[in-house]
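Notes for the one structure printed next.
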């Protein structure tokens, strides 16, 4: 046996390493938190890494988890060694195939990063809701508790499945295990060969379907035999626990790590025992070890085998002295007599004829913390004479009173473990740097190391908290650090937003990235921060990491700067050695992105320590120390102050059950209260240079730049610094004009500056919008913004929507989202909310737009002064088109019903009023405004009628005002998982609008390839470059002939985007808008992304067109191209995107081959669209359509 090899990696990689080696076919589909297992598999296959039998596994991405399960089923039936990975809703889509796979006794292992199921809300975080929904499929279910166990059980589960023919579901906790970095011992291939028997593999192959030995499976059976046939599998399941134990024993002999299906630890004469499975067992073991050392007779039973459930083995694993048992489930089954594990344990003891006191409890739903204090709380609760059954721990249930008490100050943290916490921003690289730090510590010292990273669901601007532990012994602490020796705050703004120093221990180190120097920083610390520093005797260090990063050319990414500071202060390695290791990790991490990126990071490392200063700490707090600002102002609504404000302050765990809505319904228009201050620079308007075109407003991803025209009298109480000028548009003569920025909501992306066409003639590098540091401007611009909001909005009926400058005066009803800085999707959502938001219903597919659009604590969908605004909901990823169609048919029916009821009141209202309402076509803004007035008039006249008929009418009266239904999602939904439903809706003819924000990848799950991904682009799940062309969704929709279709790119042509939205809404049927949306996953400069869209259109890589079937009624061609012929080859534009450029570095010949094919795709597509657009309805070529000659041959020659 070879010497042990150690590596520091997370649970996903630990599992994928084994699953890859033991597979020939791997069917994948992305879903958080399991996606990295598929990503690793795809990357290794792209590197031609062989499996255990010397062949490279075939990795295939499917359109959904249902598709992946079907592919797995087919591959298994054909004799291949096959696996897949999933979680949550993805597992739900696999259930039908799982029943089949198990029923056919087909060996395989499905690896699941266990995650919550969407119920009253979606959650990407971990519990056992998903796997418990699979417990009746016939799959064996094995639970691993740590990264090491996940690595080991990937092998044990597979070996047992081959030996028994029973497929296995191997699960581990999402995020807590899947994303936790741990130093583990890797399994050498000889151990895998020792456990995987050749005879089992050959038997599996021998059962394959083949025409050389034809047989039939998947029959339809009748009542005469189905029952008997179902019972034939009993011997296989009965033998499984014995076989598993044999495999575990052999594994222990080979590795020295010993497991049991039901493993007890604790006092040999324990009286109180906890039973549970998953990562919580590690915390429970740490706590039980601590308490038994103090003489307490307590214990823990780790359940590793959940299905088949071997009750006799579970009972026999416990000491005979046990009197009370608490069974903990990490899921909730509403309406059940108890959660699954509880019921199984209860049944096991009943059948054994032994009945200690057994109670059940719930813990840890959606990655809710499970700490030693809670474990002790459960054990203490068992000490009561009549302990509460069906309890919860870790929450305050003041509604049903299920929660039990515990002492949160109880701790089992060892003094030998160094504990560090880092507060960062999703876009600053903190998490990535800390993952590298953990690897350096784990692999270059004798320490064991653990890293865990807490994210919220916002995009790249989210708060991240990294928890690092390292010490001389294995680390079982699967919970967040509450007592930190080292605290680093990588964003100055956090100090005034939440309690950064609360976990710091006495005498600890505090490192802060600050815009202030060492001499001035103390007086800038908030009063509470100063007091904590003094009270806890903290050593304080500061660096202006933003300046260091900017000077090195790294922009906002301060990660390597702060990482260097950490190693310099922590002393875990000699300083020079640490810096050398950091540089090695930089090369490894950024090498694929180009040597320039590597050199920038190394430059930052080299210049860091010269800018790191220790801060002298006074003995008392400064008299003029600033106070921490309130999380939300006093004038915010009560629910915002008392509930959402707590979540914003990172105190959501303290909210009681009664504070939260029972059905998941939340108010809109709440992002206005969350001032994140994440933009270090904000745009500053120069009215003397501005041409008042509106471009900066229309492209702003977060609706923080707005324009208004108003009468001069409105300026009477304007702040001194409030800027304005005379309105230039002849429609607004005599009015004043202002462009104003919301300073605390701006993310500092700089897109507005890049698109601004107005140049300062005296200083050519300046424009009408220029970036400036936010901090000095914050107070002044906050006052200006508040004043600006109080200015009246222009009358919507007076605006000419054919002009951008006019249209952008419409109030956005989508504002301040948590999307990435420079997001390419949100400008479209803002635009549609401006145009139709006051009458709009949104069905939003799961994806980026559902997360920044509907993630707690605040939501960007807003309301106007009348309280109207978009009504929004998310169902699932796969059913959004059908979900939105449900909106439409319900509205149509209720509108019809309202009309029927209205007619019955003709006597009270008069025929004229009834007729006026029913005959209003509502095709214009003015029509809709008039209809609202008429309907309101009717409601006023009928509201005092207390008849059932009147009350019924009033409940549906508002449906007489036209409602605009928008079905919104990304390309992963529209091109892949939801395409079947989308196609059905396209064929329905119903009046719905569909907006596909095409980022050409699965942006929400981290940038995996979809069928929208263009050929030659590198993405996750397409590590070797996507070999196939992009799906043409628009052309497919056009084949119906009665669907309005538009392909738009706001950065290429603003006016065409507006026109497409207006036409889509006006079209009396299905409309589909496909909107190019740049994304950070493209590896581009987000500041220049809008202008890059124009370059893509100029190259023909993206087409601008509108297909309006109504034109056919006029004898015109429905297809209108809104662009000229391609002007440049695509390789002159796409290589500014790293997703294309990186393949030229890793596989230059393959990159060249794929790029040539990609250019051919563009040429062919353009030629076809141009041909279609030039045809008249009679079939002849219309030579006067555009007057532009095609040039695909010229383009082809340049490639």
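Note that Cβ sites are derived from N, Cα and C of the backbone, with glycine treated the same way.
Positions annotated as [4Fe-4S] cluster 1 binding site by Swiss-Prot, on the basis of similarity to another entry: 690, 693, 696, 756. Counting every protein chain shown, 20 other Cβ atoms lie within 10 Å of the Cβ of residue 693 ([4Fe-4S] cluster 1 binding site).
In the three-state DSSP assignment, the secondary structure recorded for residue 752 ([4Fe-4S] cluster 2 binding site) is helix. Under 8 Å, Cβ to Cβ, and six or more positions away along its own chain, residue 752 ([4Fe-4S] cluster 2 binding site) finds 683, 696, 699, 700, 705, 769. The [4Fe-4S] cluster 2 binding site feature in Swiss-Prot is assigned to 700, 746, 749, 752.
What Swiss-Prot records for 820, 823, 848, 1079 is [4Fe-4S] cluster 3 binding site, and it gives similarity to another entry as the kind of evidence. Reduced to three states, the DSSP call for residue 848 ([4Fe-4S] cluster 3 binding site) is helix.
Swiss-Prot lists 681-710 with the feature domain '4Fe-4S ferredoxin-type 1'. The list of residues near the domain '4Fe-4S ferredoxin-type 1' (681-710) in space but at least 6 beyond its ends in sequence, with Cβ under 8 angstroms from a Cβ of it, reads 723-725, 727-729, 732, 735-743, 745-753, 755-760, 766-774, 777, 781, 788, 791-794, 803-809, 812, 814-817, 819, 821-827, 830-831, 860, 1050-1051, 1054, 1090.
Non-local neighbours of the domain '4Fe-4S ferredoxin-type 2' (737-766) in the same chain are 461, 671, 675-687, 689-693, 695-697, 699-702, 704-710, 722-728, 774, 777-778, 781-782, 784-785, 788, 791, 815-816, 820-822, 1051, 1086-1091; each lies 6+ residues outside the stretch with a CB under 8 Å from one of its CB atoms. The domain '4Fe-4S ferredoxin-type 2' annotation in Swiss-Prot covers 737-766 and rests on sequence analysis.
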Quiz prompt | Secondary structure content of the domain '4Fe-4S ferredoxin-type 1' (681-710), with strand meaning DSSP E or B | solution = 5 helix, 11 strand, 14 coil
Quiz item: CB neighbours of residue 756 ([4Fe-4S] cluster 1 binding site) within 10 A?
Solution: 23
Quiz item: Counting every protein chain present, what is the number of Cβ atoms, excluding its own, within 10 Å of the Cβ of residue 749 ([4Fe-4S] cluster 2 binding site)?
Solution: 25
Exercise. Can you figure out which of 690, 693, 820, 848, 1079 (the binding-site residues) comes closest in space to residue 749 ([4Fe-4S] cluster 2 binding site), comparing Cα atoms?
Key: 820
Practice problem: Just name the most isolated of the binding-site residues 690, 696, 823, going by other Cβ atoms within 10 Å of its Cβ. | Solution: 690
Quiz item: Fewest neighbouring Cβ atoms within 10 Å: which of the binding-site residues 746, 848, 1079?
Solution: 1079
Quiz item: Just the number: how many Å between the Cα atoms of residue 1079 ([4Fe-4S] cluster 3 binding site) and residue 693 ([4Fe-4S] cluster 1 binding site)?
Solution: 25
Self-check item: Local confidence of the domain '4Fe-4S ferredoxin-type 2' (737-766) - pLDDT mean
Solution: 96
Exercise. Starting from the [4Fe-4S] cluster 1 site formed by 690, 693, 696, 756, give every other residue of that chain whose CB sits within 8 Å of the mean position of their CB atoms, in sequence order.
Key: 691, 692, 694, 695, 739, 752, 755, 757, 758, 767, 768, 769
Quiz item: To the nearest whole angstrom, what is the C-alpha distance linking residue 756 ([4Fe-4S] cluster 1 binding site) and residue 746 ([4Fe-4S] cluster 2 binding site)?
Solution: 17
Quiz item: Neighbourhood of the [4Fe-4S] cluster 2 site (700, 746, 749, 752): other residues with Cβ within 8 Å of the Cβ centroid, in order?
Solution: 682, 683, 696, 699, 701, 702, 704, 705, 741, 747, 748, 750, 751, 822
